[in-house]
Structures are given as structure tokens and as C-alpha cells.
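Engineer: After the C-alpha cells below, expect a handful of questions from me.
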Amino acid sequence: MRPVSVWQWSARGLLLCLLCSLCLGSPSPSTDPEKRAESQGLRFRLAGFPRKPYEGRVEIQRAGEWGTICDDDFTLQAAHVLCRELGFTEATGWTHSAKYGPGTGRIWLDNLSCRGTEQSVTECASRGWGNSDCTHDEDAGVICKDQRLPGFSDSNVIEGRVRLKGGAHPGEGRVEVLKASTWGTVCDRKWDLHAASVVCRELGFGSAREALSGARMGQGMGAIHLSEVRCSGQELSLWKCPHKNITAEDCSHSQDAGVRCNLPYTGVETRIRLSGGRSQHEGRVEVQIGGPGSLRWGLICGDDWGTLEAMVACRQLGLGYANHGLQETWYWDSGNITEVVMSGVRCTGTELSLDQCAHHGTHLACKRTGTRFTAGVICSETASDLLLHSALVQETAYIEDRPLHMLYCAAEENCLASSARSANWPYGHRRLLRFSSQIHNLGRADFRPKAGRHSWVWHECHGHYHSMDIFTHYDILTANGTKVAEGHKASFCLEDTECQEDVSKRYECANFGEQGITVGCWDLYRHDIDCQWIDITDVKPGNYILQVVINPNFEVAESDFTNNAMKCNCKYDGHRIWVHNCHIGDAFSEEANRRFERYPGQTSNQII
């Protein structure tokens, strides 16, 4: 073989490059295999405090190390790319100067410049990985649209997504970890402050103030993923700590581990107070408005004030959960404070202060005026937490063609589709999707109906009292969220059907008994009970979503509303139905947020 000179190789290479560019055009950044591979090795998360689940300081893990992004040259276009990396459809804003607190570790990217159409942040221009002249006081954050990308896989976002559940205050709760797309708890064996500190830092808080054992933050449900976790305290993730894989005999949910994290001081509790109550946990809500030199206290209009708003007020006060959100407070003396300074308050329940909730801003509009109709709260350190046993829904779902002459009672209680009114009663039938539902109380307080027994309504037809107007919503939705069939169930009676071995039943509906669900117990509504169905007579064959939402109107306070919605894939061929992939969804989805009425002049995150 003749030796080939370097010049000849270069000439041939240039010719090949020229031919390729003429035939194929310049390769787009999104198809660069090296950059694709690099992107696949990255992981992304949102961190910081205070924040909502779809906003925060952007952190990237590269080569096993978490780091941040400098805000120099950062734009909304870069935020769009990063929100998509995090699994959201787009960005609605971005933040600078470490709004969510300064991060730690490397500053991975500086002078990040994106067009907004890139498939990955690796396709954007920057100074290069780890090359930065910034400090963590310049950490960038993003605010993403609360809407997930269809079919998005969380494989590149905080694999092993640690979270806290059941806590009354920010930065505390039961520790849950993600494994094989399933959330599970951690056994408290050998659980200590070192492991708790790893959890707190992984979530963007400071070190741990307390390591909790014995399910102090309520019992979880389902898998227990880890046991005997032993951390040095320096690990970047709980999964990096030595641990034992759990078996069914090793641990129970009565041993679920929890944490209380140290939080940075924000001062939000100084802008709110209660007055007139019988104890420090209740009273009229007063908020402070104005700037330096012109601060004053005022009341909140009681219009539409409810449980979600009260939850935020109690959290801001540092008093835990809300037992009740009150729209009338005439029985509590407000002293010299008579001015209403805030109206139209609407919260999702996750905010850390009322300032973060949507409200009218400076444009006040109260339907009912006077101090009689101002907002109040009753707070509590404990709350219930309902969770639907999703697997049972999947196992028990079936179709029944039920004759109309057997549905008079159900019709009286509005448990059939509207087309049933024009049916040829008592002839014909309705097609019903039936299933059992088993509702567990995993919280730290019994679930009790909001209304006292003097307000319960007797239903002669079924021979029981209703203690809540609506206890559960059942819906059939298209893939894009359009409702094609619906059902609802008042609480025929809330009672302890079964309990864990060490828990005694406390509630039974017979003989006008007390209603509720005890902590550690569950209420079972069998598939053969009236109204435990969705009338699908008018539904056409196709692929749908079955959605079940417990306590949909937030009538009763819970420690966690995000686990109140269950969704299943549902296929209907006109004769049979298949229900599969049932899982607990997010009650604070984009669809849930659309229920919130918007007023003229109302804005989100309006700071007063």
C-alpha cells in the first residue's frame, strides 16, 4: 500500500466534508450525537425556598455533582429550554440574583444564550461547563407553566424526585423516595440526623434540625423502599448512602422516617396575625400592607374564603394546618382594626404566604361589606389525609346494564346522566361503570365532616344521613381533559369499615352514630352500592381517562390535597371496558387550576 501524506488526507477530508455539506446541509445542533449523549448524562431539578412545585432555582447534575446556573445573559428563551428539560411545556418567567436562595457546589453554566427552540441546554451557547466568574448570589431560577409534557419520562429529573409529605410546616414531613417510578417511604431503623441532613440539602433546604421516627409525620402507603440508611452527612443524595433493601417482614409504615429541616428566615410570619379568638390558634386574619413608614394592619374580605386560603394563612402564621376557613367572624372582636385591605383571595393551598396567592391587589371588591364578613381561621397542628386505594378500583371495575325500574332512588339523588330524565321510565336501562373504592386516612387527625350532625340531611329513599354534599367526584375524560361523563357521591355515611391491627374503630353510621374515618382506618364503598358508579350510557367507544377525586370541594382540611386525585387509563369498545394503569395523580394540575375564577384586576403573585 502506498503511504498517504497528511496533505492528501486533509484534501480528501475537506472534499468529503464539502460533498456532505452540499448533499445534506449543515447538521442541526439537535442532531449532534455527542451533544445528545452529553444531555442524556445530565439530571435537572428545581430547588430553593420559598417556591411552588413548578418553580425554583435551576440545578444541574453533571459528572455526579449538582450545580447551578449564573444569571448573566439569562433570558426567557433559556428558561423555555430548561423547563422542557424538567418536563414542563414552557416557561412563564425567570428569576435572577438567587431569588430562591443561593445554591452550593459548582456553577456549571455562565453567559447561557439560547434561542428557545433547542432540544437540550447543551445546544445553547455558554462559557463552557464549569467556567464561570459568578457567585451563588447570582443563581438563576425559572417559573415553568404548570403543565407537563405528554409522555414525559422523569428518568433525567432527580432520579430517586426525594419529597416530604404530611408536614404541618415548610421543610418538614415524612420522607418518600422514588424507585422504579413508584413512591415509597423510608424505614426509621438507624435513621439519624446525618441522613436527615442529606434529605434536607437534597431538597434545597439547610441542614436537618430533627430526625423523626415512628411515623411522626403520618404513615405512608404502599412500598417501603429503604431501611437502615447510614449516611456520613456529606452525600449528595440519600441513594448514595449505604442502605438495606427492604423486605415485607423488615418494617411497617408505623416506622416511617421523617425530617424537620432548618429554613432560612423569610419574615413572612411578621406580616400576618390573628385577633379576637379564644386561643392563639384561631381568630380574624389581619395582614400588614404598605411600605416603610406607612405600614398598617387590615382585614381580609370573607368572600369565597375557604379551606385552601386558610391553609396558607395557618402556614404563614406557623400554626400548622387549617381546621376551618371562616367567611363570617362577627363573634370575634377585631378591636380597633376595621379597614378591609385585601379581597378576592384565591390560593392553591401550597403557597407559603397570602402574598403569593392570587387576589385583587389594590382594586378591592367585596360582595358583603363590614367587619362581620371578614376572613378567619381555626388552625391545628394535625390534620387528616385521605388516599384512595387505586389498585382496588382497577381490580373491581366492570359494566352493568341496570334496569330503570331499579334506579328511582339513584335518580332522586342525581346519580344518573342528564339524559336519564327523558328516558322511558320504568322501561329500558342505563349502562353503569361500577367499581369499589377504599379510602384510607393516613393523616394524624380523624377525618370528620365539616357540618355538625344537626345539619345532616336524612334521605328517606336510601335510609341514611348525608353528612357532606359531595364526598367524591367520578369523571370520564378524553385524553385532552374534556369531560364526557360524570358521577358524584355524597357521603352516604363516613365510617370505619376496617382498621389496622392496632387501631380501634370509632365511627359507625348505625342509629344516627358519629361519622368520620379514624387515623389508620378506611371506609369501603363497594361496587354494588347505589351511586358508586358513572353513568356511561351516552359515552361512545374509545380510549378515555377515569378520574376519581376525593373531597373535591376541599370541604374538610387535609394535610395533603395533592394525593386526592386518582387517574386510570380506560378503553371502552361499546360492550366491555378495560381499566388499567391506575395511579394517584396531582389534584393541583393545570385542569384543577382552571376552576379558579379570575376577577377583573386580579393577578397572580400580587405583592401587597
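From the backbone N, Cα and C atoms, a Cβ is placed for every residue, glycine too.
TrEMBL lists these features:
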DISULFID  C70-C134  disulfide bond
DISULFID  C83-C144  disulfide bond
DISULFID  C114-C124  disulfide bond
DISULFID  C187-C251  disulfide bond
DISULFID  C200-C261  disulfide bond
DISULFID  C231-C241  disulfide bond
DISULFID  C347-C357  disulfide bond
DOMAIN    44-145  domain 'SRCR'
DOMAIN    162-262  domain 'SRCR'
DOMAIN    272-380  domain 'SRCR'
SIGNAL    1-25  signal peptide
Engineer: Select the closest residue to C251 (disulfide bond) from the following disulfide-bonded residues, measuring between CA atoms: C134, C144, C261.
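Structural biologist: Out of the listed candidates, the nearest Cα belongs to C261.
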Engineer: What are the sequence-distant neighbours of C261 (disulfide bond), meaning same chain, six or more residues apart, C-beta distance under 8 angstroms?
Structural biologist: G171, E172, A196, V199, C200, L203, F205, G206, S207, A208, R209
Engineer: Counting every protein chain present, what is the number of Cβ atoms, excluding its own, within 10 Å of the Cβ of C187 (disulfide bond)?
Structural biologist: 23
Engineer: Measuring Cα to Cα, how many angstrom lie between C187 (disulfide bond) and C231 (disulfide bond)?
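Structural biologist: One finds 14 Å between the Cα atoms of these residues.
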Engineer: Just to confirm: which same-chain residues, 6+ apart in sequence, have a Cβ under 8 Å from the Cβ of C347 (disulfide bond)?
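Structural biologist: Counting only residues 6 or more apart in sequence, the Cβ neighbours of C347 (disulfide bond) under 8 Å are L308, E309, M311, V312, L354, Q356, C357, A358.
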Engineer: Taking Cα atoms as reference points, rank the disulfide-bonded residues C114, C144, C231 by distance from C134 (disulfide bond) and give the first.
Structural biologist: C114
Engineer: In angstrom units, rounded to an integer, how far apart are the Cα atoms of C83 (disulfide bond) and C124 (disulfide bond)?
Structural biologist: 14
Engineer: Measure from the CA atom of C114 (disulfide bond) to the CA atom of C144 (disulfide bond) and give the result in Å, rounded to a whole number.
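Structural biologist: For C144 (disulfide bond) versus C114 (disulfide bond), the Cα atoms are 16 Å apart.
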Engineer: Mean pLDDT for the domain 'SRCR' (162-262), rounded to an integer?
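Structural biologist: Overall, the domain 'SRCR' (162-262) comes to a mean pLDDT of 87.
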